[in-house]
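First up is the structure itself, then whatever we jot down about it.
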């Protein structure tokens, strides 16, 4: 029976179509793909055993499970993963790589000390990242790469000690940033918040801040919490750039002084909370530039109710007539303690107008220069404004292109023009009235002569009379008095004598200012001098090399002369004798015996005397002059 059931391999290869289709390669591939899809679906629908899953595995809760690392088996469909209150210390690279749909990741209240670079790879859709109540000591900037959709980042209550520049520049999409309760924070860089141009909410509460950090890059910030810090004073410019800020909380920040114009940059502010501080007074008209301010909290401050607080009482009546709980009560003097500030009136006090202790002084300047008109009152609680010559009232924050009122009341001109000439009035105000002081600004037009290599000199000369012409034929004329004016290129030469008719003519001369060389001319001259020096040096070097080579060649020729024969031809004057062809010229006697064989001089027809070897020649005054030329073959000598 078994043999009948068994198929031979050949039967399988050549059997019916059914058997061939059973082993079709395409069918095998399709089956494999189905298995992979099923496996993926199984993984996508799995839930870690220690966690609870809901909403078709899109919500995974693993709270208080004593986990030391991110568990395996999390569904790829997960959109919310809560790992709150576990024992996780390190977030390793690619821990969430397969969770491409994850939107909210909660890692708060663990023991996280390290977040590796690339730990959040694959979380392209992550919207919220909670890391508060951990043990991070630095901002894990490198781990934020590729979180292009991150909107909220919670880092509250970590032992972070400093926030460096560009700490969050990798997540420009961020809208909410919670940095509260960084109790070990000691340093915030000037560029710490660079790149967060889309941030709407920033929490810096309880961070041991002693001054407000640079918040200028946060141009779209709506809400700012600075509560629980040590901000003893709020100064002008602290909120520069926060034109869209609507809510400002500075609760229990130990604020003692808010200087004049400190809030002028907060044009959109709707709510401000200054409760639980150490404020006693506020500068006059502090809230006047805040046209959108609706809610203010000033309670639990030791307010000193005197003349300087009257403006606040009037402002509260206008802005919040029914809200008596918002604005606190007087602490001093004793007779007013506990009284609501909004109920105060001028009848309670004896007040005086402000005093200007440093009035502005008249000023003479040249067009294009900077200028300042100072105006200082006896107290900083007053407000200062300026009235320009055309009647415009300028206050701090009402900036023009060139003119601005500084926080100390100074009227500053960055670049004066002739049109700025006129009288400026400083007006110092308090709750009682105003005090004014005026000063005149005189602006002199600057001479703007176009640059020229030539200028015109006007020379006035006199035509001498006939008598003067006879006596001054040999004289040049009256010596003119020359007056060079540095502010004007036109120079006038006036003669001392004015008895004759004047004639004026113009002579173009070289510009006076051209006598002083400019930097460009000096540099050009310096370059020419350096170039000449380098050229001379190179020429000298070349000449030295040529001279050395010629000398060496000449020296070599003297020591290694080529083989040659020298023939000396004597041309005698008329020599008398019987037979010139046979005559001999007697030679003087030679003292040395070994030279006796040179005893005669043969005629030109017999002048080839061959000398085989000569060891040495000794010459003296009494010896004949011998001319010797060395040769490898022949040496020819003669006696003269």
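Each residue's number is its place along the chain shown, starting with 1.
Positions of Cβ are set from backbone N, Cα and C atoms, glycine also.
Candidates 186, 431, 631 were compared with Swiss-Prot; the annotation phosphoserine appears at 631. Checked against Swiss-Prot, the range among 507-527, 528-548, 549-569 recorded as transmembrane segment is 528-548. Checking the ranges 443-462, 463-482, 483-502, 583-602 against Swiss-Prot, the region 'Disordered' annotation falls on 463-482.
Long-range contacts of the repeat 'LRR 1' (77-98) within the same chain: residues 44-45, 56-70, 104-123, 143, each at least 6 residues beyond the stretch ends and with a Cβ under 8 Å from a Cβ of the stretch. Listed by sequence, the residues of this chain that lie at least six past the ends of the repeat 'LRR 3' (125-146) yet keep a Cβ under 8 A from its Cβ atoms are 91, 100-113, 115-119, 152-164, 166-171, 178. For the repeat 'LRR 9' (268-289), the list of distant contacts is 227, 243-262, 295-304, 306, 308-309, 311-312, 315, 319, 328, 331-332, 380-383, 395, 397, 429-431: same-chain residues at least six beyond its ends, Cβ to Cβ under 8 Å.
Predicted-model confidence for the repeat 'LRR 3' (125-146) is 95, expressed as mean pLDDT.
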